[in-house]
Amino acid sequence: MIRRHVKVLSVGIQNVTQVVKRMASSDVPRFEFKDLDDKWRKQWLLDKEVKSFQGSHRSDHLKEKKDFYSLVMFPYPSGKLHLGHLRVYTISDVIARYKKMQGFNVINPMGWDAFGLPAENAAVERGIDPAIWTEQNIATMKEQMQCFLADFDWDREISTCSPEYYKWTQKIFLMLFEKGLAYQKEAEINWDPIDKTVLANEQVDSEGRSWRSGALVEKKFLKQWFIGITKYADRLVDDLKDLEGWPQHVKTMQKNWIGRSKGLQIDFPISEGNPLSVYTTRPETVFCAQFIAISLNHPLVLARSRTDGNLARFLKECKNAELDSKIGYKLPDLKASIPINTDNSKRTKFDIPIYVAPYVLNEYGSGAVMGCPGHDRRDFEFWSLHEPSKQITQVMGPETGETEIPYEPKVGIMQDRTTLVKSGLDSLGSYTGISADKARSRVSQAVASLGVGKESTNYRLKDWLISRQRYWGAPIPIIHCESCGPVVVPDSQLPVLLPKVEQHHFEKGNPLENVESFVSCTCPSCGSKKARRETDTMDTFMDSSWYFLRYLDPHNSKELISREAGQSMPVDLYIGGVEHAILHLLYSRFIAKFLNDEGVWKGKFTKDEPIVRLITQGMVHGKTYIDPQSERFLKPEELDFGNPKAPVIKQTGKHPKVTFEKMSKSKHNGADPQECIQKYGADATRAQILFLAPVSDTLQWDEKQILGVDRWLRKVFKLADSFPLLADEMRQTSNSDAIAKVELQFTGSKESLELGDREVTVYNEVQNLVKSINLSLNDVYSLNTVVSDLMKITNAITKVLGPNGCNVNPVLVDELYRTLLICMAPVTPVTAEECWFRINNSGKGNCTRGTVFDEEFPTGKVLKTRRGKFNVIINGRPRGSIVTDQNLLEQSEEQLLKTLRLNRDFSKHLGGDIRKIITKKGLVSIVTLA
């Protein structure tokens with residue numbers, strides 16, 4: 001290693017002076033970023049083709065690298081990307097590029113969640129085949145993705161509507177069927193009257209509306225296909241604790257949706273017929289049960305509705321009742337009894353009414369609840385509506401004082417009328433004064449010993465309903481035979497292809513039922529010619545529940561994924577919206593666990609979980625203008641932006657209200673990302689999206705703010721254009737002020753460089769910012785600070801070249817500028833690549849090298865020196881500071897004074913005799929006699 005001593009001398013200073021003048025000028029390079037986007041997109045495509053041609057060598061090279069599977073949730077091909085897409089794909093692309101530059105073999109695929117109702121409805125409206133509509137949209141969106149420079153591996157591209165893909169979706173269904181996890185049964189279903197299809201429970205919101213169309217969901221009984229996800233409920237809950245890389249709120253949402261609870265199944269005797277089985281997690285409140293409520297579809301209700309006309313009418317009225325409605329119907333001449341007394345003996349006193357109530361879910365427990373108005377809010381509201389004059393009974397409360405009604409905490413003390421006035425019970429016997437926990441345990445033991453109850457675990461999660469009465473989905477590979485029942489389609493006949501359909505097939509009911517050539521088939525088991533093919537298609541979440549596996553082996557025609565390809569699982573980083581927390585993400589975990597059990601894939605770690613780390617990005621809101629008088633949303637053309645900071649309504653001359661709201665056509669606040677890219681280039685658009693907000697926060701988009709990023713990028717180009725002047729003179733001279741030595745990393749030189757104090761300062765400033773950039777890129781959520789740190793590095797380099805800058809070794813400037821470009825590459829790839837090309841092909845640079853993306857991403861190596869800065873005070877007045885050896889304060893007074901007198905700023909004040917020297921950390925104070 002050659003030691004290189006460099007100090008800028010006369011000739012070099014002349015060139016640096018020219019750089020200073022150029023940097024001080026206000027001229028900003030004028031060019032169209034869009035032209036550079038086109039240039040480098042074509043070049044990178046050519047580079048990929050060359051690498052593909054050299055595939056054998058490249059594959060050997062990649063085997064030496066560690067995989068990093070970076071995945072972004074694939075889109076539905078609507079035909080147009082919006083800023084929300086652009087945000088999540090930019091985040092994903094930045095991380096993928098960063099990991100590549102760290103030396104990982106990055107898997108960064110893209111595909112299309114292409115089945116579903118929107119495509120079918122849009123195609124029907126236009127009178128074209130859904131497949132053609134979808135293919136056109138995919139082509140359009142793929143071009144849009146390439147416009148913002150997303151570096152996806154298109155060789156891995158998949159589309160869920162492709163027969164080559166849904167063949168394996170059908171195979172997964174058959175595997176589930178063979179294990180008893182796919183089955184058909186008559187069930188009450190959620191029916192969307194607008195889309196005319198069945199919805200899973202997860203696809204109905206809290207107001208009883210369809211997640212897609214917004215229609216009020218109706219209830220119907222149909223024979224449907226279900227997937228037995230409940231068999232995996234315990235694993236899905238228990239394994240959440242292992243997902244350390246997932247946001248806690250997402251894990252909580254899944255835990256609550258699965259809703260595992262431990263409680264008691266208690267049999268309440270009734271005055272006529274078999275006991276009513278009630279599930280409760282609050283057995284200690286059994287003594288204050290004041291009614292029983294049962295669901296609309298409870299067997300007792302269905303039986304009584306045949307002879308009770310009033311009940312039948314009530315059930316009809318409840319068809320469209322809100323889920324939280326507190327209406328009810330009291331069953332006449334039928335009452336229930338609390339099954340045990342407070343002394344734990346059996347009780348058969350039929351004194352509590354039985355109601356039919358829509359707020360009781362048929363799927364939860366046994367479809368019956370014990371109503372305790374004193375300890376449950378919903379029961380309280382129901383009882384207050386139906387029995388407002390009757391006293392509400394409580395059996396527990398806090399240790400001291402009265403309690404409100406209802407008292408819902410599960411902690412407290414069992415109390416009767418002797419201590420709790422509102423109790424309503426004269427005595428709780430041996431239960432009086434004990435804790436709720438102890439009472440819970442005693443009741444459990446008592447009902448078990450009397451044979452009127454048992455411990456039970458219940459789940460809110462129900463089996464996954466996948467039947468859809470629509471055309472544009474993966475056909476369910478089942479054939480119905482009068483002799484054999486449901487028969488699986490043999491593997492050799494997969495995929496079951498969607499038939500070509502005409503417009504009239506969509507006019508009524510399930511479109512596939514209207515295609516006789518598809519429905520009529522031969523039974524694979526007995527050969528009957530009268531067999532009928534299943535006409536339901538699968539929920540599109542079946543397609544998206546396993547797509548991350550297929551990306552790893554997209555062209556395999558013999559198996560879903562090879563064992564070798566499966567070794568790249570699990571997904572290291574998954575990025576997408578939190579709205580998928582209890583649908584796509586839960587189903588994906590389930591299917592991955594099932595396929596892992598079947599030996600389809602075996603990941604490196606995380607047991608059978610498919611995703612190591614999950615990042616959920618915030619929404620994008622647009623700038624919205626509202627008329628202050630009419631509250632009407634205003635179109636941009638209705639405003640005068642003569643003063644951009646204070647626009648006025650053209651018609652009234654008044655200032656509009658300005659807010660940021662979710663983008664929508666009705667609010668006229670949408671923004672076309674392609675228009676922004678055309679105007680400012682992909683780099684500025686990408687950087688602005690990252691810069692505006694942390695990843696998890698809502699991004700408030702205002703295109704006008706992008707000008708700051710535009711100026712920054714032009715400043716970086718200005719440095720590149722000044723670079724040849726810096727490279728002219730790099731003479732080897734003695735650097736007597738050297739305090740540290742640094743190994744050059746990016747200049748192409750294998751020499752080391754000795755730095756003076758000022759050079760160490762600027763070097764360490766940049767290195768600390770590089771460390772900060774690495775932290776943010778690994779954290780992901782703080783990507784906004786990456787852009788601000790890159791701006792700070794740019795300013796640091798510009799400052800040392802500015803009119804007030806210091807003489808800094810040109811070799812060091814070269815090194816720091818290259819460091820900047822490498823750090824910019826994941827965020828602003830075109831700017832980094834173009835500037836890298838310019839400085840390496842100027843004819844005067846240190847080296848001529850290829851793409852910036854072949855460089856190793858710097859980690860930030862701060863130099864540690866034995867130099868320290870000391871403030872000097874003489875006779876009470878600050879006289880400046882000195883940078884010297886850190887052991888200055890350990891020197892003798894004579895040596896210390898000798899060091900200070902070498903500096904003219906201090907020596908002129910140290911002429912007289914010294915009276916006192918005081919030294920503290922970073923400070924020297926001297927008092928003279930003069």
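Glycine is treated like the rest: Cβ placed from N, Cα and C.
All TrEMBL annotations are machine predictions without curation.
Positions annotated as domain 'Methionyl/Leucyl tRNA synthetase' by TrEMBL: 74-206.
Per TrEMBL, the feature domain 'Leucyl-tRNA synthetase editing' maps to 255-445.
Residues or ranges marked as domain 'Aminoacyl-tRNA synthetase class Ia' by TrEMBL: 461-582 (among others).
Among the features that TrEMBL reports, domain 'Aminoacyl-tRNA synthetase class Ia' is placed at 662-701 (among others). In terms of DSSP helix, strand and coil, the domain 'Aminoacyl-tRNA synthetase class Ia' (662-701) has 21 helix, 4 strand, 15 coil.
If you look up TrEMBL, you'll see 763-861 marked as domain 'Methionyl/Valyl/Leucyl/Isoleucyl-tRNA synthetase anticodon-binding'.
Shown for the domain 'Methionyl/Valyl/Leucyl/Isoleucyl-tRNA synthetase anticodon-binding' (763-861): DSSP residue counts in helix, strand and coil, namely 65 helix, 0 strand, 34 coil. As a quick check, the domain 'Methionyl/Valyl/Leucyl/Isoleucyl-tRNA synthetase anticodon-binding' (763-861) and the domain 'Methionyl/Leucyl tRNA synthetase' (74-206) clear the bar of 3 or more Cβ pairs under 8 A, pairs 6 or more apart, so the two touch.
Residues of the same chain lying 6 or more positions beyond the ends of the domain 'Aminoacyl-tRNA synthetase class Ia' (662-701) and with a Cβ under 8 Å from any Cβ of it are 32-34, 36-37, 81-87, 90-91, 93-94, 144, 147-149, 247, 615-625, 633-636, 709-710, 712-713, 780-784, 786-788, 827-831. Applying DSSP to the domain 'Methionyl/Leucyl tRNA synthetase' (74-206) sorts its residues as follows: 66 helix, 29 strand, 38 coil. Residues of the domain 'Aminoacyl-tRNA synthetase class Ia' (461-582) grouped by DSSP class, helix first, strand second and coil last, total 31 helix, 26 strand, 65 coil. Confidence in the domain 'Methionyl/Valyl/Leucyl/Isoleucyl-tRNA synthetase anticodon-binding' (763-861), given as mean pLDDT, stands at 89.
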